[in-house]
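Participant: Feature annotation from TrEMBL assigns active site, proton acceptor to Lys41, Tyr262. Per TrEMBL, the feature substrate binding site maps to Arg140, Met310. Positions annotated as domain 'Alanine racemase C-terminal' by TrEMBL: 241-367. According to TrEMBL, the N6-(pyridoxal phosphate)lysine annotation covers Lys41.
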Amino acid sequence: MLHSVEAARAGAVLTVDLGAVRANYRQLAAMARARCAAVMKADAYGLGMEQVAPALAQEGCTVFFTAHLDEGIRLRPLLGPGCAIYVLHGPPPGTAGDCAAHGLVPVLNDPGQLHEWRALARALGRELQAAIQLDTGMSRMGIAPADLAALSADPGWLDGLRPVLVMSHLASADEPAHPMNAAQRERFERLRAILPGVPASLANSSGIFLGPDYHYDLLRPGAALYGINPQPGNPNPLRQAVSLHARVVQVRTAIDGDVVGYGCHHVVAGARRIATVSIGYADGWLRSLSGRGQARIGGQVVPVVGRVSMDSMGLDVTGVPDSLVQPGAEVELLGPTLTVDDVAAAAGTIGYEVLTRLGSRFHRRYR
Ligand SMILES: *Cc1c(COP(=O)(O)O)cnc(C)c1O
């Protein structure tokens, strides 16, 4: 795997399987009659927006979401003019002009954003597209029901605007039995009646798996495109999109009572072979994997021992043939059987955090 010179010099290599991302997009899009968008925030969840966005456009994706305005500005030149880019946070105060100038559609989340976008439409003397987000109970982003009622009491509340999407976001879609799902859907139904005929969107990755009642006109998956399991506890129907390999820096024999790593938390019992591997928390390999993570070397799964350091960590490779654990030997950290969700479970977090933390320090390869 560590073929090229750049790869051989780097501490670790992140391989992004664009074919898997594309296959995941096709699979999700085929689940609904709705259109399927792609969420690109946080550099396509760490996989690299520059590569992922055009790959999905080739799959027929024409609607993209970023979180921040600057992400949308970076995404714009990667896509053709026929693609729509929505900025989920809306323009920060004072930036509506930038948003319009770059051909981005803001998601308007509160009365202030709505007023600013309308003022810009007036100043430009042309109609501006807008997505309207409604808060259906998550209390994160979106116009609150009371604000919506107050706004819409003014018949001109959308003057100068062309609403092209009405959306909301589910708080508990990864727990299909959670009553919040149906409650939010009902609130969405009730609130969106104020925007008749406007295309609607409710489902993130997990929301798609809640069934057709949640699909509306546009699906908004992020995580599932990148291989995170949208139905925790069930087999993952999607393909892993990343693999991560580091290398052995050094191997030693430790004897009874020796300690491994900072803080002396791992005490060796008996004679063990310990490999130091070139990845640490500065690479986004979470420090909470100390003493809990796993890796694969020479076909065997071995445990992380001791604390994860900034640039390295220890593996107990006792039992792996010496010939396979030499300096330079490849160590798999993420792959088909060491999934993003497995690593997340060991680290006490979610796959989203594992993926989005993977640093820019790696050598990256795209397949
Ligand atoms: C992040 C996000 C998504 C995508 O969610 P996934 O769970 O990654 O599919 C969709 N909609 C909104 C509003 C988001 O913030």
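Quick reminder: no glycine exception, Cβ is built from N, Cα and C everywhere.
No curator has checked TrEMBL annotations; they are predicted automatically.
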Participant: Relative to the Cβ of Lys41 (active site, proton acceptor), which residues of the same chain, six or more apart in sequence, are found under 8 Å away?
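Facilitator: Listed in sequence order: Phe65, Thr66, Ala67, His68, Glu71, Leu88, Gly222.
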Participant: Using DSSP, would you call Lys41 (active site, proton acceptor) helix, strand or coil?
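Facilitator: DSSP assigns Lys41 (active site, proton acceptor) to helix.
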Participant: Tell me which residues of the chain lie with their Cβ under 8 angstroms from that of Tyr262 (active site, proton acceptor), as long as they are six or more apart in sequence?
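Facilitator: Result: Gly306, Arg307, Ser309.
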Participant: Within the domain 'Alanine racemase C-terminal' (241-367), how many residues are helix, strand or coil going by DSSP?
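Facilitator: Taking the domain 'Alanine racemase C-terminal' (241-367) as a whole: 27 helix, 46 strand, 54 coil.
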Participant: If you count Cβ atoms within 10 Å of the Cβ of Met310 (substrate binding site), leaving out that atom itself, what do you get?
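Facilitator: Its Cβ shell of radius 10 Å holds 12 other Cβ atoms.
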Participant: Within its own chain, what residues at least 6 apart in sequence put their Cβ under 8 Å from the Cβ of Arg140 (substrate binding site), listed in sequence order?
Facilitator: His169
Participant: Quick one: mean pLDDT on the domain 'Alanine racemase C-terminal' (241-367)?
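Facilitator: That stretch averages a pLDDT of 95.
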